[in-house]
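Asker: In case it's useful when we look at the structure, here is the feature table from Swiss-Prot:
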DOMAIN    3-93  domain '2Fe-2S ferredoxin-type'
BINDING   C39, C44, C47, C77  [2Fe-2S] cluster binding site
Amino acid sequence: ATYKVKLVTPDGPVEFNCPDDVYILDQAEEEGHELPYSCRAGSCSSCAGKVSAGTVDQSDGNFLDDDQIADGFVLTCVAYPQSDVTIETHKEEDLTG
């Protein structure tokens, strides 16, 4: 399946379609959108965003704890869309406090 991903960035919102077997960060880059990242392996917080609508599968990541995931935080480098989804990007500071 392919879902519509909306990223709310500091420069404004962008939308693109993302297959459910492609990481959101990878697809965003394919579409020409620059997002923050570092490890690309789900083990840091550089790419952190916050899901405001929809659901993702980020089971490949290991940096976020259950409370952070429950609060809606997402690592875009290891997140597959499971529905149409809206994510606020550039949330590393909110995550790390």
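Glycine is treated like the rest: Cβ placed from N, Cα and C.
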Asker: Sequence gap of 6 or more, Cβ distance under 8 Å: name the residues on the same chain that satisfy this around C47 ([2Fe-2S] cluster binding site), in order along the sequence.
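Answerer: Looking at Cβ-Cβ distances below 8 Å from C47 ([2Fe-2S] cluster binding site), excluding near sequence neighbours, one finds L25, L35, P36, Y37, S38, R40, L75, T76, C77, E92.
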Asker: Could you find out if DSSP has C44 ([2Fe-2S] cluster binding site) as helix, strand or coil?
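Answerer: Reduced to three states, the DSSP call for C44 ([2Fe-2S] cluster binding site) is coil.
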Asker: How many other Cβ atoms sit within 10 Å of the Cβ of C39 ([2Fe-2S] cluster binding site)?
Answerer: 15
Asker: Any idea which of the binding-site residues C44, C77 has the thinnest Cβ neighbourhood at 10 Å?
Answerer: C44
Asker: Would you mind giving the whole-number mean pLDDT across the domain '2Fe-2S ferredoxin-type' (3-93)?
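Answerer: Reported value for the domain '2Fe-2S ferredoxin-type' (3-93) is a mean pLDDT of 97.
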Asker: Beyond C39, C44, C47, C77, what residues of that chain have CB atoms within 8 A of the centre of the [2Fe-2S] cluster site's CB atoms?
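Answerer: What remains near the Cβ centre is L25, Y37, S38, R40, A41, G42, S43, S45, S46, F63, L75, V78.
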